[in-house]
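What TrEMBL says about this one:
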type     : residues : note
TRANSMEM : 6-32     : transmembrane segment
TRANSMEM : 39-60    : transmembrane segment
TRANSMEM : 72-89    : transmembrane segment
TRANSMEM : 110-135  : transmembrane segment
TRANSMEM : 141-165  : transmembrane segment
TRANSMEM : 177-199  : transmembrane segment
TRANSMEM : 205-223  : transmembrane segment
TRANSMEM : 235-253  : transmembrane segment
Amino acid sequence: MSDGNVTVFHVFVAASITAVATGFGALPFLFVEKFDNKWLGIGNAMAAGLMFGASVGLVYEGFTTEGVTYSYLRVIAGASLGGILVYLSQKFLNNRDDEYSIGKVQGADAIKMLMIVGIMTIHSFAEGIGVGVSFGDSNTFGAFISIAIAIHNIPEGLAISLILIPRGTSVRKAALWSIFSSLPQPLMAIPAFLFVLLFKEFLPFGLGLAAGAMFWMVFKELIPEAKEELGIKQIYAIMTITAAAMILFQFVIEG
Ligand SMILES: [Zn+2]
């Protein structure tokens, strides 16, 4: 399933759109000054469902890669490494950030605010790889993963804005910081895309890597964030609906 006409420019534009979408998270603050944190919980639960659906799609795509032997083993190896890498990067950050839980910071100073933007930025590296390897698979699948990441970036921008804006940052600057946190997406997407294009046998591994990283984020990051505002039943209900919609959407666009 490759249509051969995806270019680096193409991948760059798609991954830039996902980054810009993060800025939309700041826009509600143009209309309301204060925000019920419940919306952050709902946003995080929806993002968790989207990412869950997207990682199922990545695994499926990896398993069915044409012309690569033992593709499922490559997917499993990639997914394990993806999980381990995100685990290690979070462990490294958590050593210094326990109370930086998004949306809950009280009296945060500039350094704390930078830490939050920093955490979000590191986490979007894996998402950039996801966009890149998906375009290496096919144009349609690349578009599918880009849309999933773009939508899930919006609550992440909201989370950043919820911390920055009450502390005097303007809406415009909060939007720019949100976009900044997603800049690894266009930056990582291109080398990942080129790599799997040149070394086709790494494609299932790369798809697995992105799936493993996203899967880990769903359970270690997005669900715990959502739990701060919502009950677990509500979270799983929202997640199930968005994940199912996401998987259905993949079948529709891939025909
Ligand atoms: Zn994310």
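Just so you know, glycine gets a Cβ as well, placed from its N, Cα and C.
Just so it is clear, the model here is predicted, and its values are computed rather than measured.
Counted as Cβ pairs under 8 Å, contacts with the transmembrane segment (235-253) are highest for 39-60 among 6-32, 39-60, 72-89, 177-199.
Beyond its flanks by at least six residues, the transmembrane segment (205-223) meets 44-45, 47-48, 51-52, 54-56, 58-59, 61-62, 65, 74-87, 90, 123, 126-127, 129-130, 132-134, 136-137, 145, 192, 195-196, 235, 239 of its own chain at Cβ-Cβ distances under 8 Å. The transmembrane segment (39-60) shares more Cβ pairs under 8 Å with 141-165 than with any other stretch in the list 6-32, 72-89, 141-165, 177-199.
Sequence-distant contacts of the transmembrane segment (141-165) (same chain, six or more residues past either end, CB-CB distance under 8 Å): 1, 6, 10-11, 14-15, 17-19, 21-26, 28-29, 35, 37, 39-40, 43-44, 46-47, 50-51, 53-54, 57-58, 61, 102-103, 105, 108, 113, 116-117, 120, 124, 127, 130-131, 134-135, 171, 173-175, 177-179, 181-182, 185, 210, 225, 246, 249-250, 253-254. Distant neighbours of the transmembrane segment (72-89): 59, 62-63, 122-123, 126, 201-202, 204-217, 220; these residues of the same chain sit at least 6 beyond its ends, with a Cβ under 8 Å from one of its Cβ atoms.
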